[in-house]
Amino acid sequence: MSMSLSENISIEMQQNSEEQDFEHEEEQQHPDLVPSLSITFDSAPYTRTHMPSSPTLNEDLTIIEKKKVTIEKVEEGTGKGNGGSNVLTNKKETKLNIALLGLRISAFVLCLKSFAVLAANKQKYEILGIELFRVSFYKFKEFKYSLSVSVIACAYSLLQICDLAKYLITKKHTMEPKLRGYLNFAMDQILTYLLMSASSSAATLAYYWESEIAPSMLAYHLDSYEMAAGMGKQSFSIMANVSAAFSFLAFVAFALTSLVSGYILFKV
């Protein structure tokens, strides 16, 4: 009984091994018949879901943005921000340049009148149709000095008027702003001094001509100083005084101009 059981077990083991060998041979000869293990995955893409935004959070962000825009506008209007400060500075400089332009136009007109009156200052002294002597401004160094200064100041003012008008229209300087500022300030100071000295010397000579020189020359021809003393004040001395007055007013205009140009240079 035990022998038959062992024989059966060996026979079964042999059959199993033969079956395995047969299957192995079949796999080698016909690989397409081998069942393939297929693993399928869900092809649906993984999507990240966002939490729905809160309406309260959106409203808070909108309010913050509006407040930020309002603060920027207030800073721009009051000049607390950098942009507002630049805008206010440019407006201030523009107003000062307009005032400076007005002063330079005044100085130009006054200098023009001063040298025009002095250049036309010529007179012929005569009594009863008899010419005694002639006098003109170019015979006196003081009048020639005053005329020269007035011409230079007039030409300088004209150039400055053109340059300022160009800047106010185009907002572009003809040269570097700092260099231009120093040059303008220096020239204004120099011409202010020259106009002051020219007007004072012309006024002094006009007074001296009226009170001393003209009566002396007339007395030489008339043999009467008392008669000649009343003839000293004629058109020559009057025109010389008028020219000196215009020159002095031009000095005042240049003094104000130098103050404004200095303020623009050092404060703006």
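Placement of Cβ uses the backbone N, Cα and C atoms for every residue, glycine included.
Curation plays no part in TrEMBL annotations; they are all automatic predictions.
The compositional bias 'Polar residues' annotation in TrEMBL covers 1-14.
Positions annotated as domain 'Casparian strip membrane protein' by TrEMBL: 94-253.
Sequence annotations record features per position, and here TrEMBL assigns region 'Disordered' to 1-34.
Among residues of the same chain six or more beyond the transmembrane segment (98-120), those with a C-beta under 8 A of the stretch's C-beta atoms are 137, 143, 146-147, 150-151, 153-154, 157-158, 160-161, 164-165, 168, 195, 202, 239-240, 242-244, 246-247, 249-250, 253-254, 256-257, 260-261, 264. Marked as transmembrane segment by TrEMBL: 98-120 (among others).
Counting residues 6+ beyond its ends, the transmembrane segment (145-169) has Cβ neighbours under 8 Å at 94, 97-98, 100-101, 104-105, 107-108, 111-112, 114-115, 118-119, 137, 184, 187, 191, 194-195, 197-199, 201-202, 243-244, 247, 250, 254 in the same chain. The transmembrane segment annotation in TrEMBL covers 145-169 (among others).
Under the heading transmembrane segment, TrEMBL lists 190-209 (among others). Here the transmembrane segment (190-209) has long-range neighbours at 111, 118, 140, 142-143, 145-146, 149-150, 152-153, 156, 232, 236-237, 240-241, 243-245, 247-248, 250-251, 254-255, 257-258, meaning same-chain residues at least 6 beyond its ends whose C-beta is under 8 angstroms from one of its own.
Per TrEMBL, transmembrane segment is recorded for 244-266 (among others).
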